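The structure appears below as structure tokens.
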Amino acid sequence: MAGVGVGPLQGMVRFGLLVLTVCAACARGLYFHIGETEKRCFIEEIPDETMVIGNYRTQMWDKQKEVFLPSTPGLGMHVEVKDPDGKVVLSRQYGSEGRFTFTSHTPGDHQICLHSNSTRMALFAGGKLRVHLDIQVGEHANNYPEIAAKDKLTELQLRARQLLDQVEQIQKEQDYQRYREERFRLTSESTNQRVLWWSIAQTVILILTGIWQMRHLKSFFEAKKLV
């Protein structure tokens, strides 16, 4: 009987680990410092047809108080997003704090870059700028209270909607993993094929070199009348 229960239990554990992995990968919260002309970029692995929401706010370094304070409204941030093919998905100027959204149409590494317009702002005065950035991917980007109010969903219906969105996100993650595995397989096959042809080329070169040396030695010995 114990052997019968191990399979389903392992399946549940694996599914739970996958859910935790997906949930951990769906939200990014961090802060970083940038200078006047510095651009900071991040790479985010995103499945296709997935919504991404980024929220940020900026703080400026006060030299007198030696503390970071909320930035003035005049200071802005430029956000640029590129897909795995290098195409610009989003390029827009925002304020000192804001929110940007985009939907991926190609699976893979998306580049998210931010830089300030401080080169035009005298108030920056060569100081530091702290940027708090929170990136939410997939179903974590949904505002469920707003959805519940708009669609007039009960608590049970809202929970069912959340579970369906989570399952959909897991399916997208699995599709993306299969896509990566397929790319890795093609790369491995291409590499193995190149190694094989290079080995064949080396063998042919070695054989031709040996034949040439034998003929050269034969000609040498014949010239010396040793054979």
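Positions of Cβ are set from backbone N, Cα and C atoms, glycine also.
Taking Swiss-Prot as the reference, the stretch among 147-176, 177-206 described by the feature coiled coil is residues 147-176.
Counting residues 6+ beyond its ends, the transmembrane segment (195-212) has no Cβ neighbours under 8 Å in the same chain. The number of other Cβ atoms within 10 Å of the Cβ belonging to Asn117 (N-linked glycosylation site), over all protein chains shown, comes to 15. In the three-state DSSP reading, Asn117 (N-linked glycosylation site) counts as coil. Regional average pLDDT for the motif 'COPI vesicle coat-binding' (220-227) in the model is 70.
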